[in-house]
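Below you'll find the structure, written out as structure tokens, and then a few comments.
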Amino acid sequence: MPEIGKTPLDSGWLAARSTEIHLSGTQLTTTHPPSGPTSPWMNAVVPGTSNSDLIDSVLATLVKNKVIPDPFYGLENETIIDIADSGREYYTFWFFTTFQSTLSGNQHLDLNFRGINYSADLYLNGHKKVLPKGMFRRHSLNVTDILHPNGQNLLAVLVHPPDHPGRIPPDGGQGGDHEIGKDVAAQYVEGWDWMAPIRDRNTGLWDEVSVSITGPVKIIDPHLVSSFFDDYKRVYLHATIELENRSGWVAQCSLNIQVTTELEGNICLLEHLDTQHLSIPAGSRVQYTFPELFFYKPNLWWPNGMGKQSLYNVHITVDVEGYGESDVWTHLFGFRKIESHIDSATGGRLFKVNGQPIFIRGGNWILSDGLLRLSKKRYKTDIKFHADMNLNMIRCWGGGLAERPEFYHYCDVYGLLVWQEFWITGDVDGRGVPVSNPNGPLDHDLFLLCVRDTVKLLRNHPSLALWVGGNEQVPPDDINTALKKDLRLHPHFEVSSNISKSSKDLSPVLKDPSQYLDGTRIYIQGSMWDGFANGKGDFTDGPYEIQNPENFFRNDFYNYGFNPEVGSVGMPVADTIRATMPPEGWQIPLFKKLPNGYTEEVPNPIWEYHKYIPYSKPEKSVNDQIEIYGTAQDLDDFCLKAQLANYIQYRALLEGWTSHMWSKFTGVLIWKTQNPWTGLRGQFYDHLLDQTAGFYGCRCAAEPVHVQLNLATYVIEVVNTTSEELSDIAIEASVWDLEGACPYYKVFEKLLAPPKKTVPIVEMKYPKSKSPKPVYFLLLKLYHMSDSGVLSRNFYWLHLSGGDYKLLEPYRRKQIPLKITSQAFIKGSTYEIEMHVQNTSKSAHSETLTYLNKFMTRQDSGDFDMASMELVQRGTDVKHESFFQRISRGLAKETDGLRVAQVYGTDIGVAFFLHFSVHALKANRKEGDDTRILPVHYSDNYFSLVPGEMMPIKITFEVPPVSNPNKSESSLLFLMGNSGEEEATKNTGSGGSAMARDVCLSFGSFQKGEVQIQHSVSTRQQGKHEEVHFQKKALKSAAHLARKSAALGVRLAGEPSVKLHCGLHLTVRGHFSGLSPYLVPRVVAYVSQKYRPGFRKYMILSASTCSTFTLKPDIQDRCSAYAKTVGVTVPCSWMKSKWVFRKLSSHLPSRASSLRFPFRTQGHQNPVSETSVFVLNHGDISLLLSFCGKERLLHLGSSIHGSIIKKFELFYPESWVHMQSALVVWNSLLSTYSKCGQFSDVVNLFDRMPVKDTVSWNTIVSAFLRNGDFDIGLGLFKRMRECGFYQFDKATLSTILSACDGPEFCNLSKTMHGLVFVSGYMQEITVGNALITSYFKCRCFCSGGRVFYEMLERNVITWTAVISGLAQNDFYEESLNFLLEMRRTSLEPNSLTYLSSLMACSGLQALKEGHQIHGLLWKLGIQSDFCIESALMDMYSKCESIEDAWKIFESATDLDEVTLTVILVGFAQNGFEEEAIQFFVKFVKAGVEVDPDMVSAVLGAFGVDTSFSLGRQIHSLVIKKNFSNNPFVSNGLINMYSKCGDLEDSIKIFSQMPQRNSVSWNSLIAAFARHGNGFKALQIYEEMRLEGIQPTDVTFLSLLHACSHVGLVKRGMELLESMAKDHRLTPRSEHYACVVDMLGRAGLLDEAKSFIEGLPENPGIDVWQALLGACSIHGDSKVGKYAADQLFIAAPESPAPYILLANIYSSEGRWKERARTIKRMKEIAIAKETGMSWIEIEKKVHSFVVGDRMHPQAQNIYEVLAEIFSHLTDEGYVPDKRFILYYMDQDEKG
């Protein structure tokens, strides 16, 4: 049966002029079809796939076949006959194709045309159909009855041009003679002031042609709407569809709507699945509305710059009883609400998305190509360009197209709001002399039909924001009235007040919003009405020419709130001029001086034909913006200076509008962002898709967060268009002159930028200062003060008032040194180059600038996945990946190495106006050849660097196919310095491939000189065949990837090669061993994904690709035996299981001896030549597979799997009895792959199992839950329930509950609890135990306790679950009480119960109770158990009874790694750090095998007084033992190095860690805090948050310590507040002590005292010590006495309060009070611990105390000290005696 769905007719089309064909349509589709592209027939491209043009026209077909010249080149359009002169018949064309289709019963076939211009006669197999007029309407014809019986169908379409193509007046004009306005068609085709006329008026099959197959019932135009309540927390999805029953009976239908969201790697999460039942009468069409689907806090869709563009996949199917699936419809949908109103403050229309106001900065759009040569690929580039420019709206101009779904798809993806106009323009409909078409098109009904059809086509796209009746005109009254009615808003979308109401749902009396034609988007009657321009329809948009940049900022430049059109220049680069014009078009304009002093530009005729806009406007007093840089010498010079003007012009335009955000303006749309042909005006990128500098000026100015200079007032402004307040920010302003000096530098700190505001900061003083330079550069940087992360960077070149930029001309001779590093990453045909460009010249002022500022990463939807593209050279430095990422990555790492290029120079100064372009290297390049590779996406271009500054640049592009690639064994960097001499520097990375396509990255600047950096592309394409040669190293990397994702062992035995052909066929040649044939489809799909990026990643889990594999047997090495296999899953021959067992017997462990001979006796034969005979029964196989899973014997399990596949009849039985036996084996095999970690194989096997039961489902659910892939596991459980064939059991429930092991699963645990209750498993003891365990792990203690008390029967596990749950959640006392309760019952605690109780004793430091439990364990005789011994040692250590811990350690008969680790930690935690280290050294020397936990424990013992050299030796041991990848060891090394004073090595260890957890980040933060670098500690904290690592209480302890040492009091208090507010962490006494210390160090002693008094708990000793220490520093005896009194009570035996208080009295000269304090201390016999200092020399630590004379070199030491003190005295040093300790007598003080 043919598959349901749509098939594009995208190949095999022919076209011919109708006047040259003398056959009828009936003849063409029956007896005389064309045989091929022989005259007069030619190949025609009709839309359909991403591989071909999406849209085409008659003229495009003629150009493609070279019948006419390219109308967009030079003046060639003038040589093409216009339809007005030729007549309509000349452009009336036949289009012919064939298609194959054979339907089964009750199937129907529709022939679909998504767009024809303008009408057509259709012939199919001799039958005629008429396709009515209208360019913007769809046609769908049910042709089931006229299909050819043999399935071969002939289709001919005669396409007629528009009825009123019009004539082009001699002087051109807006829309020619306006006759085209009488038809419902695009109006730009008669030409405009920016467009040449299109000679055929776009006649043709201009949009997709397809056939679609359905069952009896067809789905028609579903409508999706979302409604919002409770501040967007409650969201409902509404859906209405039309259904047509084409059968002759009542159709009983099941309607299914499924909503999924993509998590990562094409893995989808099912959000909703709803099924409704409906009866549809025969031959009828009905409308059906689904019940609303409820979503709680779904991910919202946001415009570009406001948030993520979250999209959900809505899948609707209709199943017909007795038939099956009849039709299917899928669409991406975004939850969002768009509102707008006329703003009272500005008069402009103000848009809101999801309740947030959005300042519109967008552009006008006509279409991508004037000949309708559109493709999905070009659409993607177009829209991504707009997103890259930071724009947020595109206006589809009324004279162009109703844009296609592909256009809207990419607007959905990249977040571009769309203003869609209908086909009315003021120029064509209602203006002119005489007035033309005052009543619009002739056929109003046709116009409205096209509108309604267009709305249905586009309405489900979230990017579509509003409908507009026409451009600078409103539709005729009757059309306008009808549109207002048809496009009226549903009441829910008329006002926004109901969003914030808590529970106001849609009124039941209202129609469902999805039953409206649209109902969600506002309709505006014209582009200058109702909040646009002056709102009244007067011509108040524009202007459209060059401006003085400062004009955009002036209050009188534009007087209305929202300007829908403002335009300017758009000159492309010189390469584009040469590529689109003959040499006579390369002449630059003449500069004609006028009497008033201004310049008039006179362009050549070709430029004039291409609508060039001059860069001067004498009548508006605008000097020529190119001439102000000096006289242009040639085309290159002219175009370069034009780019300077483009950048300034468009940056100033958007900055000027943004400067008045909300105060004067609500938005602006630039006319235009691009041209649909090779025009020379109003564009940010040219028709060849090369960006102008205006692109980057726009990108800069439209940043969501931006710093700018108001060119009218010279005030620096900060723009914040986001919804978040920016605090703690700063601006760095630096002025640079042409000599490289920095005459002005200023930093403005501690700034605040409220959300949605433009804030003036300060007026620039430099131009008003003494002796300002006539031309200077200004660099503004907006950055975070906490981490110096740059939020916005803006570079200006400026001149004094009345001046010009001509001094930049001699500046071009400067030789500024630059360093460029580049690295290319390759993914299929896509290249991504990461670069760092640095101005290496040094200025005397460079040191003062904040060059530590980091450029913040732009979070956008890039097209190149760098996460999977790390360099091969990085070795084991692999990021943590989820299971999804591991199974779907499917791409080996590729790089062609690091390149380093330098531009040598001796001058100091700004490297000005640097720019890149990408070129293909050609061996025989001719002058004028356009070698550019286009399009290219640059993260920035046309940028400048001040001395010392470095800029990261990212470049992404696709390499076009070539037939003769360059063959070079190694790649070189070609450098062209300022001197023009060419140098070659070998790259520092890997060499290029011998089969490489070379590309050159060209880098130029305003200064002379160019750098070319060559990279090699590692794939070669020749026509439809692509061939890839693996290197040995690359294949091993691929094998490593597969092993990571599925423990797949691949060993290369010879050089393989892979050939990839155009379709799905794949041939792999090579010899492999150790590769399970079951995994062959994974490898095939992996390679397919790698070299065919279009394949979806989940193909890794399928076996739909044909392959030929050769597998080499290698029994001795791999303990497996394989013969040659052919095919994907079914091997042609296999070894007998008995033979395999005999070969494996010597390799099996001794405990498996019982499994060696479970089979019946048979003679041994050669396994390769013997016919396979199955020798084990189902029970044997199941037992053996269970053993394989338990012992992780993957290869043996794979071999058995091979035998199972071979014996098809035994494992795919038809009888139920045999099926049960086979099911046991399948489940055992599933469990084996699961336990071996082969999750992709688990999925494959499960999908292909011939029969499943509850055990099967439990196994796969358990596999994913155990691996941490909770969403997949739970999704499978939902799938199990929904399919209705399998009942879950107590094992299912226990498995899921066991996975609910964190607070985030609390609600899910309760949901499962409800399921347990309703399913009758409440009194199942295993389920109850799982519930208790889950609740305690989720910190739902009350619920866990309630389950315990409600259980009628309890066992030891029940009690243990409660006792351990309480202990693990710090309820130590309650845990011990439960132990007492348990011992009163008849149940006896087991070892696990006692382990949990010992944990409780450790937490309480309850030594007495610990002794008692130890006694019980002794009585029970289990005190020698490994785990018990370790727990006892841990308990005694934490109870500070290290002697008892040591006794247990000494009495232990056997020591394991855990025991050794526990005793090491015990020593370290009890102040015996030196003993811990020496103990570790001794057992290492004794040959004890250490593990990472031991090393981590001993590293924790290192401090400032331990041997640094010994720490380094332990680091060497770590490297030798390969423990570096263990995060606990690495964290210990970070702490060890930082405590021993080596911060640099701490940073190095951290940077080399492949995986970092919160402890890693905490360790590094603590290291910086410990070394007094508080700002860096805070910066690391911000990086930690960006990485998604949740901070802990230890994090904040280090941060508060850091803030204390650098005096960031405000930041410290914010951090303390955020602990509880943002992270739900309860501050401990240590945190409060740090805050007191921070306040005290800042001298805020009273505030510190008040802070303590306001604490929610009694202050600890450390809090009072911190306050007293601060008082000691600042000499505040009043507060100090208060703190000391509190310490006397809290810690009466501590010497600290006495010493510190005595020091305070000494500093104030209050000797009597000091004496009393000392006396009191002596009376109660408190002694001060002697202070000690130490130093390590030659691996030996020397320690000293005050007055120490015991050191063997004491005399020499004191002599040196005396000499030093003598030198200090001679220099005038006077010691500060305020803090001399109390026990020194007066002589010692002197």
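Cβ coordinates are placed from backbone N, Cα and C, and glycine is handled just like the others.
Among the features that TrEMBL reports, domain 'Beta-mannosidase-like galactose-binding' is placed at 57-206. What TrEMBL records for 218-336 is domain 'Glycoside hydrolase family 2 immunoglobulin-like beta-sandwich'. Annotated domain 'Glycoside hydrolase family 2 catalytic' per TrEMBL: 350-480, in sequence order. The domain 'Exo-beta-D-glucosaminidase Ig-fold' annotation in TrEMBL covers 923-958. Per TrEMBL, repeat 'PPR' is recorded for 1222-1252, 1253-1287, 1355-1389, 1456-1490, 1526-1556, 1557-1591.
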Secondary structure content of the repeat 'PPR' (1456-1490), with strand meaning DSSP E or B: 26 helix, 0 strand, 9 coil
Averaged pLDDT, computed only over the residues in the repeat 'PPR' (1355-1389): 88
Helix, strand and coil totals (DSSP H, G, I; E, B; other) for the repeat 'PPR' (1526-1556): 23 helix, 0 strand, 8 coil
Other parts of the chain folded back onto the repeat 'PPR' (1557-1591), taken as Cβ under 8 Å at six or more residues beyond its ends: 784, 786-789, 1527-1528, 1530-1531, 1534-1535, 1537-1539, 1543, 1546-1547, 1550, 1598-1599, 1601-1606, 1608, 1611, 1623, 1625
Secondary structure content of the domain 'Exo-beta-D-glucosaminidase Ig-fold' (923-958), with strand meaning DSSP E or B: 0 helix, 16 strand, 20 coil
Number of helical, extended and coil residues in the domain 'Glycoside hydrolase family 2 immunoglobulin-like beta-sandwich' (218-336), per DSSP: 0 helix, 84 strand, 35 coil
Counts by DSSP class (helix H/G/I, strand E/B, coil) across the domain 'Glycoside hydrolase family 2 catalytic' (350-480): 42 helix, 29 strand, 60 coil
